[in-house]
Structure formats: C-alpha cells, structure tokens
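K.L.:
Got a structure for you, written out below as structure tokens; questions coming shortly.
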Amino acid sequence: YHPSSVSLIPPTAPESFCCKKFFQLCGLSQKSPKEVKDVFRILDDDHSGFIEEAELKFFLQRFVPGARVLTERETKAFLSAADDDNDGKIGIDGECLYL
C-alpha cells in the first residue's frame, strides 16, 4: 500500500509522527478488514503474524520510500497505542491499523 498524494508525505522532524493522524490522512482507517490485513502482512517483515518493535520502527518507510525511521519514543508510543494485550507486539487483529 503506497499513498500517492504528496500531502501524505510523513513528517520529517523527529517526534512529529502521530499514527492516528497518519492513518486518517492516508485513508487506511476507511479500508475494509481485508485491505487492512493486506497492509499488516506488508508491515510484518518476518511473517510471524505480529508486528514487533523492530518492524514498527521502519513503518513510515513502508508507506513512503526514503522516509525517516521512527524515533525510539515514537515507536514505543505507537506500540503502546496498538498493543492490546501488552505483549510487546501487535497481532493481526490489533487495533493499530484502525486508529
């Protein structure tokens, strides 16, 4: 999934990423469950069925080639917002892609 609108280019300044706003801008919050699961599979680099912290750090680059990596604080905040069972990873049924 790659947004085509220039307005969707993620923020470049560290600590400026807001996952909720990003999903709203790119329209992911309006996608069907199947489309969301397709995006999840793209983000799940190791195909473990989970998005771990290391994978989440490179989240923006999956949407916009050349984008910056998330800072440690942004990554932990994103994970915290989406980790429903506090196991340190986001399952395919997690809420992160619906934020």
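Heads up, the Cβ atoms here are built off N, Cα and C, so glycines get one too.
So TrEMBL has the following annotated:
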type	residues	note
DOMAIN	31-66	domain 'EF-hand'
BINDING	D44, D46, S48, F50, E55, D83, D85, D87, K89	Ca(2+) binding site
K.L.:
Among the binding-site residues E55, D85, point out the residue whose Cβ has the most other Cβ atoms within 10 Å, with all shown protein chains included in the count.
P.N.:
E55
K.L.:
Using Cβ atoms only, which residues of the same chain lie under 8 Å from K89 (Ca(2+) binding site) while being at least 6 residues apart in sequence?
P.N.:
F50, I51, E52, E53, L79, D83
K.L.:
Per DSSP, what is the residue tally for the domain 'EF-hand' (31-66) in helix, strand and coil?
P.N.:
20 helix, 3 strand, 13 coil
K.L.:
So what sits near D44 (Ca(2+) binding site) in its own chain, CB-to-CB under 8 Å and at least six residues off in sequence?
P.N.:
F50, I51, E55, I92
K.L.:
If you average pLDDT over the domain 'EF-hand' (31-66), what do you get?
P.N.:
87
